[in-house]
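Inspection log for the structure reproduced underneath, given as structure tokens.
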Amino acid sequence: MSTPAALFLETAAKAWSCISASTAATHSYSGLIAVRFFLGVSEAPFGPGAFFLLSKELALRTAILYSGISLATSFSGLLAAGIYSGLTGVHGVSGWRWLFIIEGVASFGFGVMAMFLLPDFPASQSGSATWLLTKEERQVAIERMARDQVSNQESNNSLWYGLQTAVKDYRVWVFAFILCCNHTAYEFNIFYPTIVKGFNLGSRTVTLLCTAPPYLVGAIFSLLVAYSSDIRNERGWHISLPMMMSAVGFIISAATLNVPARYFASSLYISGAFSGNAILFGWAASSVSQTPEKRACATAIINIFGQFGNIWSPYFFSPGDAPRYVKAMILMVAFSLASVLGCMLMKWTLRRDNKRLLERFAGSGTSPNLYTL
């Protein structure tokens, strides 16, 4: 954990910004695949590197982080509509190429700002923590994070040790299963403009504009669910209920051709899927928080295996199934409900582990820090 967090995240952000902007220079399928590969490589470190917060405060903060994705998706539709209508053909450059250039440059600017705004680890002598917090406040932060660990196991600063303990922890694999199900159910995100196009609301600009409101609703809903999760110190049901709501949205979307009903249904499954993903990362990070190294490695493992959902789910959407995409919607219902089952299994497992912790500390005069259910 020797690399300063601000430098680590800033470098990742600037790298993917440059690679994303370079998409505008591609002229072949193979070139696009190569750019997407390196984009994934540069984005991969961000998730594991971002989780360094107290478990009891993690749901809302992770939801705020994830709401950025929802808002970006929402405003990207508005931005795309403006770029396609105003910049297509300017300097001989297609509208979609301008879109990647503008978004890449903007992201790079925020990456530069991150170096000065993001704090490193509380004990470090670099980053914004040195001027945002006093020495006493940094010490309080260190002590709070130590008290928040479920186990009192100390870190040995070995990433290999963190990887070994993460791989051996069965909870990591249950969370990986849940995330894979969530990502599979969330893959409609890529095809949502195509789904909205099937509503036959008008021109391409109108279609892009209509993709924005459901994502705005999803961002707000995600923050409300996460706030409730933190206040009640509960995770499982705050993931399961939104995923059930997503399943209802998928069912409605597959069952009717009524445009208002399908548009409303899209708000349901967008809101539910975003909320579930945001809280899941926080729940997973807090449940494997014995050491910072284990937390980072476990988050990486969960994220890696969760991406399998992004690999196979695009094949659910066949052009011949338009406009309802019944097969895709049915499969997403199944994976949404599988996520719920995974959450119930994890709640049962952590409840059992909490009981063992209480038995271990019985008569010691101290109370253990328990897992959040």
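In case you wondered, yes, glycine gets a Cβ from its N, Cα and C as well.
Predicted, not measured: the structure shown is a model, and the values here were computed from it.
Annotation source TrEMBL lists transmembrane segment at 33-54, 63-84, 96-118, 170-186, 206-227, 239-257, 263-284, 296-317, 329-350.
Contact between the transmembrane segment (329-350) and the transmembrane segment (170-186) is supported: at least 3 Cβ pairs lie under 8 Å, counting only residues 6 or more apart in sequence. In this chain, the transmembrane segment (63-84) touches the transmembrane segment (206-227); three or more CB pairs sit within less than 8 A of each other, excluding pairs fewer than 6 residues apart. The stretches the transmembrane segment (170-186) and the transmembrane segment (263-284) meet in space: the count of Cβ pairs below 8 angstroms, excluding pairs fewer than 6 apart in sequence, reaches at least three. At the 8 Å Cβ threshold, with sequence separation of at least 6, the transmembrane segment (96-118) lacks contact with the transmembrane segment (263-284), having fewer than 3 such pairs. Long-range neighbours of the transmembrane segment (263-284) within the same chain, counting only residues 6 or more positions beyond its ends whose Cβ lies under 8 Å from a Cβ of the stretch, are 47, 51, 55, 58-59, 61-63, 65-67, 69-70, 172, 175, 178-179, 182-183, 185-186, 188-189, 192, 195-196, 199, 210, 213-215, 217-219, 221-222, 225-226, 229, 235-236, 238-240, 242-253, 298-299, 302, 332, 336, 339, 346, 372.
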